[in-house]
Amino acid sequence: MPPTAAPSSTAPGSPSAPASSLPPSSSRAVGWWLLALAALVFGIVVVGGLTRLTESGLSITEWQLFKGTKPPTSADDWEKAFAHYKQFPEYLKLKPNMTLEEFKDIYWWEWVHREIGRFIGVAFILPGLYFWRRRMMSATMAKKSLVIGALIGSQGVLGWLMVRSGLDPQLLEDPNAVPRVNQRYLAAHLGSAFLIYSLLLSNALKILAPRMGAVSGSGPLRSLQRFRLGSHLLMALIFTTALTGALVAGLDAGLVWNEWPTMGGEGSYVPPDYWALSEDGEQPFYRDWINNASAVQCNHRFMAYATLTGVAVMALAVARRGRAPIPVAARRATWALVTAVSAQATLGITTLLYLVPITLASLHQAGSLTLLTVSWVLVHAFRGRRPPL
């Protein structure tokens, strides 16, 4: 009888990794990699916000994936870059007296923002391939990584579409048009960043802390179903509130109705021009929710109130349950969420009353991502004990 070949097996850490041989769970190193990527995304969101607040986003008027990594170095290079910028609406309508030194200041913000984006791409691709080849990533995580990679790639495209919207020559033809990026592209760009961050963070938690929400017995698990649903609803509410904040930023809507809690007079919590674009019936009502600065700011306020209310309800529900069977991690995350949402609301009101100073506005944007972070920890803590991803 001819000898039979022994069944092949590929041990974890080996250099070849067909999909069928990937392990059932990922190495903790993969979890730390995802967490590091999430930190980078947090950083680029903060830098992106500062790029917008310093009005630097339209300073680089072309997109070159590889060639664009090199900034101007000589005096001639800077003059060429500045001359190119002078051809576009932002300079012609808003900054005709800008000097070369002032241009350099805004150029560096946008250049750093783009370079962090490129670095995130490299930091995703190279370690990701390594983990896959060495069989350190589960099949499920490998599939999720493909989705995350596609989102990271599309983020670059979204970013360029956003910038291009502010370079449109038609902005010169309309005397009332303000050269700035389209607020819908800005909301999509920020929303995509928040989605990528959420996927990275939530999957990192599943790998690194699979026992975070462990409780004993099946009865307690069933009794936590309402809390699990509530934590997901809170996370979605926080995410949506951040998107309305992006519309506020895109329209400079933080510079209208710089009062609180009213809008437009004593006892009025809805501005008188809330339906300014659609009241004559020529435009659909939802145009006001996207293009009317007063309505956009009002919507953001009420979404923030809804978030505050939701967090308060969750905190009261957790407090009423006493010590059991709420997981300790969920209890801690709930009180962290109370702290974060209180700080975020205070920052939002202060930013509005002080006419959107850069420091406060940047902290407010970072606060929204901090709030989302804590909400994901709460969601994970209410999952119960699960196998690692």
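The backbone N, Cα and C atoms fix where each Cβ goes, and this holds for glycine too.
Quick caveat, the model's predicted, so the values are computed rather than measured.
Look at TrEMBL and you will find 1-22 tagged as region 'Disordered'.
Positions annotated as transmembrane segment by TrEMBL: 30-50 (among others).
Annotation comment: TrEMBL describes 145-167 (among others) as transmembrane segment.
Sequence-remote contacts of a segment are chain residues at least 6 beyond its ends whose Cβ falls under 8 Å from one of its Cβ atoms, and for the transmembrane segment (187-208) they are 25-26, 28, 30-32, 34-35, 37-38, 41-42, 44-45, 48, 141, 144, 147-148, 151-152, 154-155, 158-159, 162, 239, 242-243, 246-247, 250, 369, 372-373, 376-377, 379-380, 386, 388-389. Per TrEMBL, the feature transmembrane segment maps to 187-208 (among others).
Away from its own ends, the transmembrane segment (229-251) comes close to residues 49, 52, 180-187, 189-191, 194, 198, 290-291, 293, 296-297, 299-300, 303-304, 306-307, 310-311, 313-314, 317, 330, 337, 364-365, 368-369, 371-372, 375-376, 378-379, 381-382 of its chain (Cβ-Cβ under 8 Å, at least six residues beyond either end). Look at TrEMBL and you will find 229-251 (among others) tagged as transmembrane segment.
Annotation comment: TrEMBL describes 302-321 (among others) as transmembrane segment.
Beyond the transmembrane segment (333-356), the same-chain residues lying 6 or more positions past its ends with a Cβ under 8 Å from any Cβ of the stretch are 53, 234, 252, 254-255, 257-260, 304, 307-308, 311-312, 314-315, 318, 363-364, 367-368, 370-371, 374-375, 377-378, 381. Here TrEMBL flags 333-356 (among others) as transmembrane segment.
Residues or ranges marked as transmembrane segment by TrEMBL: 362-382 (among others). Beyond its flanks by at least six residues, the transmembrane segment (362-382) meets 42, 45-46, 49-50, 53, 194, 197-198, 201-202, 205-206, 209, 212-213, 224, 227-228, 231-232, 234-235, 238-239, 241-242, 245, 249, 307, 314, 327, 329-330, 332-334, 336-337, 340-341, 343-344, 347-348, 351 of its own chain at Cβ-Cβ distances under 8 Å.
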Intrachain residues whose Cβ lies under 8 Å of the transmembrane segment (302-321), provided they are six or more past its termini
226-227, 230-231, 233-234, 237-238, 240-241, 244, 330-331, 334-335, 337-338, 341, 344-345, 348, 371, 378
